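Student: Structure incoming, see below.
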Amino acid sequence: MSTSIKAIKESLEAVTSLLDPLFQELATDARLGVQKALKSRQKAIQTDLAEEERLEAMLSYEKALYKKGYQAIAGIDEVGRGPLAGPVVAACVILPKYCKIKGLNDSKKIPKAKHETIYQAVKEQALAIGIGIIDNQLIDEVNIYEATKLAMLEAIKQLEGQLTQPDYLLIDAMTLDIAISQQSILKGDANSLSIAAASIVAKVTRDQMMANYDRIFPGYGFAKNAGYGTKEHLQGLKAYGITPIHRKSFEPVKSMCCDSTNP
């Protein structure tokens, strides 16, 4: 009696190599259900192999530093440079050596539905996490570039007192005035897993803040646009005026501050 399709599917779930002899054995099984299960498992393995290769490539900076003797590499990234409202948020994350988290990438490349899952995975596996938040008032005072630096420095400071302290910093497109060895990486959130981890922590943290602001200041769509200048946000500005979290140094908010006809 031939093996049931259900049993074959269960056997295939345990297969992790495309060279497994089970594939060759099942290739001669004419049942449509078996062939569908066979192709499905092969495709899943190919997807897993591609993901493993991608994650391995994103560890290249970290692996080079491990070879030089560095043990605790912190990735640093920020979210919120461009919005018209809300803070700029930076995160500093130290992952265990050679740590790979499936799906971890530049937060802009991760589907929103998966943000929370990957964020939780980073929180569970990270050796240390620091978060720096600079509000809109300080952004207006010092400019967004300097505010981003301050947020990053605050994120590093938040690691003080935690068990693991960084001996090297990988930073997304920024150099910081701090006595820790560091490297600035252009598009670092897409090229370093440590920076990608910081990217998703900063992203989810800021999105949660903006969702809270949406409840306090309805009508601007903050929960959906995170403070960026979308059509809904601009319509809200026109209808309801400027809120306490708007950046008055950013246009069109800046011009509205000088226009006495605005609400």
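Quick reminder: no glycine exception, Cβ is built from N, Cα and C everywhere.
Annotations for this protein, taken from Swiss-Prot, read as follows:
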DOMAIN    71-262  domain 'RNase H type-2'
BINDING   Asp77, Glu78, Asp172  divalent metal cation binding site
Student: Which residues, in sequence order, are found in the same chain with Cβ within 8 Å of the centroid defined by the Cβ atoms of Asp77, Glu78, Asp172 at the divalent metal cation site, excluding those residues themselves?
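Tutor: Near the divalent metal cation site, beyond Asp77, Glu78, Asp172, sit Ile76, Val79, Ala90, Ala91, Thr148, Met152, Ile171, Ala173, Met174, Gly188, Asp189, Ile195, Ala198, Ser199, Ala202.
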Student: Taking the Cβ of each of the binding-site residues and counting other Cβ atoms inside 10 Å, which one has the highest number: Asp77, Glu78?
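Tutor: Ranked by Cβ atoms within 10 Å, first place goes to Asp77.
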Student: Are there residues of the same chain, six or more positions away from Asp172 (divalent metal cation binding site), whose CB falls under 8 angstroms from its CB, and which are they?
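Tutor: Listed in sequence order: Ile76, Asp77, Glu78, Ser184, Ile185, Lys187, Gly188, Asp189, Ile195, Ala198, Ser199.
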Student: DSSP on Asp77 (divalent metal cation binding site), three-state: which is it?
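Tutor: Note: Asp77 (divalent metal cation binding site) is in a strand by DSSP.
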Student: Over the span of the domain 'RNase H type-2' (71-262), how high is the average pLDDT in this prediction?
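Tutor: Mean pLDDT, the domain 'RNase H type-2' (71-262): 96.
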